Amino acid sequence: MEEEGSGRGGDGPAAHGRIGDTASLGASCVRAGVGGDSPVMVSSASVRKTVKMSETCDFIPYVDDDDDGNSEEENSASSGILPCDGMQHDTPDYIRRGAAAARHRIAPLELFSGPSPPQGPPSPSPAIGGAALEATSNDGVAEPQVHPPEGISSIISTGGGEQETATMGSQSVHETLHIEENEGKCSCCGQLKQEYSLLLREKEECRRVLEDLMRENELKSRECHEAQASLHELRMELMRKSMHVGSLAFAVEGQVKEKSRWCQLLNDLSEKFKALKAEHQILLQESLECKKFVADATQMTTTIQQHVNQYASLECEFKDLKEKFTEETKERKDLYNKLIEVKGNIRVFCRCRPLNGEEIEEGASMAVDFESAKDGELIVRGHVSSKKVFKFDSVFSPEEDQEKVFEKTVPFATSVLDGYNVCIFAYGQTGTGKTFTMEGIEDARGVNYRTLEELFRITKERQGLFQYEITVSVLEVYNEQIHDLLLTGTQPGATAKRLEVRQVAEGVHHVPGLVEARVTNMNEAWEVLQTGSKARVVGSTNANEHSSRSHCMHCVMVKGENLMNGEQTKSKLWLIDLAGSERVAKTDAQGERLKEAQNINKSLSALGDVISALATKSQHIPFRNSKLTHLLQDSLSGDSKTLMFVQISPNENDVGETLCSLNFASRVRGIELGQARKQVDVGELSRYKLMAGRAKQDSKNKDAQIKSMEETIQSLEAKNKAKDLLTMNLQEKIKELEAQLLVERKIARQHVDNKIAQDHLHQQQQSKKPENSPCPTRSPMAERNLNSTAEKPVTLLKDLGIARQMFSDSNTDTYSINHLMSMSSEKENNPAGGAQPTKARRVSLCGGAHQQPAAPPRRGSLIPLPRRNSLMLPLPLPKPATPAAAASPLDMITEQCSSPLVIAPNDIRGGGGGGGRNKRIINSILRRSLQKKVIIRPPLMAAHQSGRRAGAGVAGTTTHGGGGGGVMRARRVPVSGGRGGGGVQHNREKERGWNNGTSLRQLN
């Protein structure tokens, strides 16, 4: 069974569960309860059945019916499916609890499972042999198993838990017990009785146990059926699981492929990882190096930052020092210049040569005393024991060498580099050592060499702060001609090229075409100067074996730039060795030497004239009298520093020339050039001054114009304000007058309508009278006095008295009717009263206002003035006392019209048709009057015309009535003052026409 069970197991090792057959235990119990007195011997052999459990939890072992070699008992025993430990995980809890209880209840069956007692006396205690409990768990742990006797085991094994099987088992047990009882009756009867009693009791107990087991068997049977159903379900689940496993296998296969692919990728990634790892190692090393570099860079950055900060601080300090240096340099320059100015811009040094060998042999004595030379004083003894004292800036005795002479000259070299023009020249009698002082010899260098050496020394010291460019040129003035000594192939005295002095734009004199050699060190500069000096004209005279026959002039141009502030300077250094003055009588010069001496003396004389003019501060300085002075104009005209070496001879035979030279030097020393400055062209300066004067004059004129324009603007603004105020007042007054005019027009229209109606009624009454009624004769219109009011009835004035207040002006005086009548009568009786001036008043309703044929009065209102005659139509025709009293009211209207509108009296005196015609004429007149407009002039035009009217009024005072008219103040129409009476008459006609238009407008 173990082999079969193992053959039906899984592939791997499985845990075998060995379960004792519970049926055999039940059979043994039955057999123990059956029988008589004879003991029952139970075989020790026990029937066991071992079932191998599968490894899988889902697998439930079962016994196949068709297995070969299996006994019927095994099949019968296997028909009842017993639970195994392998199923405990999937078996319900109630089944496991029942099995455990059954095992505990089966425990008393061990009494029947002992081995068979041997033949002989009975053992004191019954032994039940062959009973052994044995069980094997899935994990190999032994469990107790019960082995009943063979008969009981076989019966129980074939029972399966059913009732039939139990009955058959009990019968076989009884048979067996009976046989055994007979065999052992003789030996163990007593013992068996005891055992029998015990067995009976045990029988009952076993019976009860058997019943319990049967009940439990039924229960187990039901549980087995349920387990089979569960097994079927598990099989179906197993099939599903197998299908699922197949699908999982397929999926696993796909996963395997995927895994292989991923493995391939993993291999590739591994290779890449290895490569990356190697690269990582390289990068790690590089990163370490970079870290070192970063640390170094950080340290370097810190160092650089420190240096930058230090540089910034140093730069600030440098700027401060630069500013201080610039200020100190400027201050030093100013102080140095002031020091030179204190000493004198023109300084004179006197140097005396020693006596030569010939003079010593001749026994010549010294005429110059140098006792006070340290104080700058020099004493010259004359022929007649007279002494003359000269004072100079420095006096050098014959014993002093070149070095001591140059010690006093050093400051001028510094002035050249500071940007000032410097001129150093030697003056004196021929043979007094001028060339030696200026040029010297190899062992004793002169002023020229030492000055250039000092220039280059200072230039080297200032290197980095200043940049200098030095050029050198050499020329001579020979016989009043300029020669360039640096031109190659030039012979002494030859005039290869004619050079002239020109004035450049900056006011500096320059010689165009002059060779200027640029030099960078002392050797080059001295070589150029020596080249020019060798080409100088030198001749032999009685006074000197090597006499200079020309003025040798070395020009050193210095252009400097201050690298600190960019300031640029341009200066000039003249080193001049003048030719010596000669006395022709003493030297006995002839021919060419005489001409040279004359030109030399001429140029020196011109230099003396220039010095004299400078000393006396003359307005005109004769620089152009000589080429020498023309060249030295920019060095002697006040914008340079000048040093003069006056060379004298100590020989008493040369006292005259010595005194001349010393006197000339004294005059030079007395010149005050003032502060050094840049020279400006005089013509240009005068032109600039003229332009400045014109500009100032133009500025003054412009200021005056601006002032006058400001005053004009202020006055115009004041006038504009006044005119604006006047305009506002006039506008307000116009509004008031317009309102008043509307009211007056309405009242006038009503009054005129009433009068017209009365006139028509009166005409109708007159037309009804008989023709033989006396009709007053009327005089012709031309013979009537239009302005007379003698024939006007007083009743008419009384009728029209209502309109007196209506047409009065509040701003003008009005007369009462009685007063007007008295005035009218007085004027009629007194013809001279017409010549009296009349006031400009508004006309009242009485007729006396028209008795004076004066000009229309000035009105202060824009309201049209009503005419008296315009309000007197139609009038009744009273009985006339004179023919002049027959004037009709319409004649009064026509009398006021100076326009072409004239209405005949016959038109009014006509019949009924004539009245309609008159009405139409009056309506047309009224329509025309309504179309007229009142013209309001602007304030400016009115102010402009007021002056003209004032003049016209003055001229018009003598034009009316043969020179007796009043003053007329025309307002509407300006009157020309040159017309006399004609202008006044013209103005009167215009006023009358305007008033007529106003009267007709009132009728409407």
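Just so it is clear, glycine is given a Cβ too, placed from its N, Cα and C backbone atoms.
Lifted from Swiss-Prot, the feature list:
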type: REGION; residues: 1-21; note: region 'Disordered'
type: REGION; residues: 61-90; note: region 'Disordered'
type: REGION; residues: 110-169; note: region 'Disordered'
type: COMPBIAS; residues: 115-125; note: compositional bias 'Pro residues'
type: COILED; residues: 189-230; note: coiled coil
type: COILED; residues: 266-338; note: coiled coil
type: DOMAIN; residues: 345-671; note: domain 'Kinesin motor'
type: BINDING; residues: GLY428, GLN429, THR430, GLY431, THR432, GLY433, LYS434, THR435; note: ATP binding site
type: COILED; residues: 691-742; note: coiled coil
type: REGION; residues: 759-791; note: region 'Disordered'
type: REGION; residues: 946-1004; note: region 'Disordered'
type: COMPBIAS; residues: 948-958; note: compositional bias 'Low complexity'
type: COMPBIAS; residues: 995-1004; note: compositional bias 'Polar residues'
Mind looking up the mean pLDDT for the domain 'Kinesin motor' (345-671) in the predicted model?
82
What are the non-local neighbours of GLN429 (ATP binding site), defined as same-chain residues 6+ apart in sequence with CB under 8 A from its CB?
GLY580, SER581, GLU582, GLN647, ILE648, SER649, ASP654, GLU657, THR658, CYS660, SER661
Helix, strand or coil at GLY431 (ATP binding site) [DSSP, three-state]:
coil
Could you tally the C-beta atoms, other than its own, that fall within 10 angstroms of the C-beta of GLY431 (ATP binding site)?
22
Fewest other CB within 10 angstroms, which one of the binding-site residues GLY428, GLY433?
GLY433
At a 10 A cut-off on CB-CB distances, which of the binding-site residues THR430, THR432, THR435 has the highest count?
THR432
